[in-house]
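Undergrad: Okay, these came from TrEMBL:
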ACT_SITE  B:C243  active site, cysteine persulfide intermediate
BINDING   B:C97, B:C100, B:H101, B:C135  heme c 1 binding site
BINDING   B:C198, B:C201, B:H202, B:C243  heme c 2 binding site
BINDING   B:R239  substrate binding site
DOMAIN    B:82-167  domain 'Cytochrome c'
SIGNAL    B:1-24  signal peptide
Amino acid sequence: MADNVTPRVRVPRDAAAGETITIKTLISHPMESGQRKDSDGNTIPRSIINRFTCEFNGESVMEMILEPAISTNPFIEFQAIVPESGTFAFTWYDDDGSVYEESKDIAVS
Amino acid sequence: MTMSTLKTAVCGLALLAAPLAASAEELVVNGEIEMITETEPAAHLDGALSTVRSGWTFRTTETKALQMDDFENPAMISVDNGMAAWNTADGAEGKSCADCHGAMEDSMEMVRATYPKWNEEAGEVRNIQMQIDDCRVNQMSAEPYGLDSRPMLAMEAAISSVGRGQVVDVAIDGPAAETWEKGKEIYYTRFGQLDLSCASCHELNYDNYIRADHLSQGQINGFPTYRLKNARLNGTHSRFRGCIRDTRAETYSVGSPEFVALELYVASRGNGLTVEGPAVRN
């Protein structure tokens, strides 16, 4: 179980129709790879964010599978074209079954 | 390509390059906190430095950019943790930092710019970390964090973050003068098998390379600093230790009176720069 997991997202508040915008996301997470051992020689179980999705008004923008080699506090930056005003919904899926969600509105003029 | 089109192309490049270069030389965090990254040396330096430069000015464009936006600055996660700890009750007294000090933004704004500072009751110069643990033990009856521990650095980073943009102005006169003199002596004392003083690198050779590393002036206005090499916050004293270790000397320990004195002296060399902590460095 990962503690202190906080998702953070930055989306521009407004944009022009058809404009390409940059979205930045960051989630604080240890991303324990499952390859390491503790001081007693026991394997530290894997605990990572394994999937990330972004949807805009219910439509998939991007989906990403994360693997154990991705480092602590994954930072994901990508671009999207926004056709209309709406809401971006971001979801991170944890190995332990937790789901972290965040959403941001954008106004398109 | 004819000569005239070639000229136009070159001219176009120059026009493009100019604004980029200018923006790379000014440190403005989040588009609002304007930093002083180069300034006149304080009077006590007595000509030892021709100009005082923040460590930020020695880094690459990419590293510089990380510090210009809180979303990109990896240290801000620790700042959030420090802010949360500030508002969380801990210890037998059931008090949080905020119960006495109120909002961090109001009460701690000038702290990072003025520490290390003489503490009249204790009769010694103290840095922020010593003050935090003193508060935890004596006011909150909580376990001390321990100097340069992760929760300590997170708290120090949070306190520093609310003071960003304030001009560093540590007092070196009055009761702190004795400690300051001691710090100055350590700064100019050669240590270790390599026989190096702080000044050998950071005063006489800044801007030059030491192996693959670009030497800065060793200013500490950006501490606690997120270092890309170990991907965590680093405290001033741990950094001093690393430096002295590299001269192949026995080092003083974190929190020792020697390092507090050195911290005061080094901070005073950066009087006039702005608080940048938590900064991003190599």
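Glycine residues also receive a Cβ, built from the backbone N, Cα and C atoms like all the rest.
No curator has checked TrEMBL annotations; they are predicted automatically.
From a predicted model like this one, the values you see are computed outputs, not experimental measurements.
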Undergrad: I'd like to know which of the binding-site residues B:C97, B:H101, B:C135 sit within 10 A of B:C198 (heme c 2 binding site) at the Cα level.
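TA: Candidates kept after distance check: none.
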Undergrad: Starting from the Cβ centroid of B:C97, B:C100, B:H101, B:C135, the recorded heme c 1 site, name every other residue in that chain with its Cβ within 8 Å, sequence order please.
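TA: Close Cβ neighbours, site residues excluded: B:W86, B:K95, B:S96, B:A98, B:D99, B:S107, B:Q139, B:M140.
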Undergrad: Can you name every residue in this chain, apart from B:C198, B:C201, B:H202, B:C243, with its Cβ inside 8 Å of the center of the Cβ atoms of the recorded heme c 2 site?
TA: B:L196, B:S197, B:A199, B:S200, B:E203, B:L215, B:G218
Undergrad: Quick one: give me the count of other CB atoms within 10 A of the CB of B:C198 (heme c 2 binding site).
TA: 23
Undergrad: Quick one: pull the CA-CA distance for B:H101 (heme c 1 binding site) versus B:H202 (heme c 2 binding site), whole Å only.
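TA: Distance between the two Cα atoms comes out at 37 Å.
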Undergrad: Please list residues from the chain of B:C135 (heme c 1 binding site) whose Cβ is under 8 angstroms from its Cβ, counting only those at least six apart in sequence.
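TA: Counting only residues 6 or more apart in sequence, the Cβ neighbours of B:C135 (heme c 1 binding site) under 8 Å are B:C97.
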Undergrad: Report the same-chain neighbours of B:H202 (heme c 2 binding site): residues 6+ apart in sequence with Cβ closer than 8 Å to its Cβ, ordered by sequence.
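TA: The list for B:H202 (heme c 2 binding site) reads B:L215, B:S216, B:Q217, B:G218, given in order along the sequence.
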Undergrad: List the Cα distance (Å, whole number) between the residue listed as 'substrate binding site' and B:C100 (heme c 1 binding site).
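TA: Between the Cα atoms of the residue listed as 'substrate binding site' and B:C100 (heme c 1 binding site), the distance comes to 31 Å.
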Undergrad: By a simple count of other Cβ atoms within 10 Å, which of B:C97, B:C100, B:C201, B:C243, the recorded positions in the record, is least packed?
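TA: Per-residue Cβ counts within 10 Å for the recorded positions B:C97, B:C100, B:C201, B:C243 bottom out at B:C100.
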Undergrad: Tally of helix, strand and coil residues over the domain 'Cytochrome c' (B:82-167) according to DSSP?
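TA: Its residues fall into 42 helix, 9 strand, 35 coil.
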Undergrad: Minimum Cβ neighbour count within 10 Å among the binding-site residues B:H101, B:R239: which residue?
TA: B:H101
